[in-house]
């Protein structure tokens, strides 16, 4: 057998036959998914995707993992690894494979509008806090000729691919063994759903930056573990310095909050290097190449770019406010998490169920990573490269965890899970080191005990893969809808907004219609757009007024098939029942004036007599982003 491959004996033809079967199943699965494009709105991508796809991917993934144990050559090993990666990435690519018009109903669809305005020169590059992913999407659309919406889907997919590839390369740099590479690759695939609370598989700029960050961590690890200087470059420059410069600029332009997390990680490493060189010069990290220059470069780029961005300055103020609230004891901790827990409970999900579905796999990896950190305290237990990186990431993890606890308090606690998700990158790199060591130890045991432990490990792997694959996308499984935006759904909103009467408001359920105006790249006065609460459906639509700014005696109510299925299926009818949607057409004074099969636009005449609604907005004319005031019809004054 090739060096570094498992010592378990197996007939030579097991791996090749397994790879052939797995590859055929993979091709059949992808063909089945591609041959069943989305024909309408989908509230669960898992249910809507053909069963043949899931069977094929399941077989391909199972075979690829098993054949890793029987690979008799480097080619078989690499083929098994590639097949396992492609199988999981095929799931990640489902919105692309099945021809989704767009994916992402909240932040993503607003980002679509920003990208559209950037491409049409209606928005300047320097006017955006995080233009990196926008520019990438626009460039890809212009270069390939594909629609902007599809280009953005492709950007999400490429970032996830970078996460898997460079996360694996990070571990390979630390432990250059095939077993470690295999363990790391499988681990990165299991980590793709970092969490479904603050990190998402759609065009969400913080998530995209988090998926990109392993590229920069790969450069950092390469620098820390470099043995000799690069004689082809002048002075103290190295190839990692040049790569770091490009990656650091990219991270800052992709999202400043993720760049903040990266600054904390690198700042912690720099601090321990500085202290170590003075107090403990004999330690490995103290002898490693310093990161002073790289850290300073990142801080300067971050300060120069975000110093001109009002949103970044405001967020910095919120962090200071949260820290002050923690010190003085005046801030309330975890309000956002409490609200999320209560929302989950209202649809019948217990905290324990949420934990198992979303966090069980991650907790296992956290425990393994913690074991690696503890083992590193024992001298010479880990190799030099492993010990150096483990020490660096241990200190970084403590610092980042402390920062996350600060955000847990006060006005920015909704970012807590973002920082936790970013911190899981460190876990995803450290844990495979421990798992590789554990497998090595198992193979030194008696044959009977070795077989028993490997069987337990295989069962645990199957459970872990299943749990992870079920939460790559939101679905009713976790009481969330798939974020599918069909072309009919988008165009229905476009038509309603474009052809509405001037001065008439537009309303819809959760989220409101204004996000679609943003996606179109047009301005819709917030006082001419509102969300319709459950108590207004169906009989009180005529009495409900979101605000009193509209000048017409009617407004437009938009009802979508996706909203109906989301409320009744994903949210399990906690706020609505089927009659609320069905009886809108039967309400006196409410007339359906447009329908394309997925979007119904209703003309709602205001009723005489008392009305009800939320607190009124400031009656002063709002200010557009360009500084101009808006007249009552939504036209610049």
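Easy rule for this one: first residue shown is 1, then count along the chain.
Cβ atoms are placed via backbone N, Cα and C, with glycine included.
Database features, via TrEMBL:
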- 51-74: transmembrane segment (TRANSMEM)
- 81-103: transmembrane segment (TRANSMEM)
- 128-146: transmembrane segment (TRANSMEM)
- 153-174: transmembrane segment (TRANSMEM)
- 180-199: transmembrane segment (TRANSMEM)
- 206-226: transmembrane segment (TRANSMEM)
- 246-272: transmembrane segment (TRANSMEM)
- 284-305: transmembrane segment (TRANSMEM)
- 354-377: transmembrane segment (TRANSMEM)
- 389-409: transmembrane segment (TRANSMEM)
- 415-435: transmembrane segment (TRANSMEM)
- 456-479: transmembrane segment (TRANSMEM)
- 617-637: region 'Disordered' (REGION)
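In this chain, the transmembrane segment (456-479) lies out of contact with the transmembrane segment (206-226); the count of Cβ pairs under 8 Å, excluding pairs fewer than 6 apart in sequence, is fewer than 3.
Outside the transmembrane segment (354-377) by six or more residues, the chain places 187, 190-191, 193, 195-197, 341, 344, 386-387, 390-391, 394, 424, 426-428, 430-431, 433-435, 437-438, 464, 467-468, 470-471, 477-478 with a CB less than 8 A from a CB of the stretch. Touching of the transmembrane segment (180-199) and the transmembrane segment (456-479) is concluded from the presence of at least three CB pairs under 8 A, sequence neighbours closer than 6 excluded. If you look at the transmembrane segment (284-305), the same-chain residues 6 or more away from its ends with a CB under 8 A from one of its CBs are 220, 223-226, 236, 238, 241, 244-245, 248-249, 251-253, 256, 259-260, 262-263, 266-267, 269-270, 272-274, 276-277, 384, 387-388, 391-392. A Cβ distance under 8 Å defines the sequence-distant neighbours of the transmembrane segment (415-435), meaning residues of its chain 6+ beyond its ends; these are 167, 170-171, 174-175, 180, 183-184, 187-188, 191, 194-195, 197-199, 206-207, 210, 213-214, 217, 221, 257-258, 261, 265, 334, 336-337, 362, 365-366, 368-369, 371-373, 375, 382, 386, 389-390, 393, 396-397, 400-401, 403-404, 407-408. By the Cβ criterion (under 8 Å, sequence separation of 6 or more), the transmembrane segment (153-174) is not in contact with the transmembrane segment (51-74), since fewer than 3 such pairs are found.
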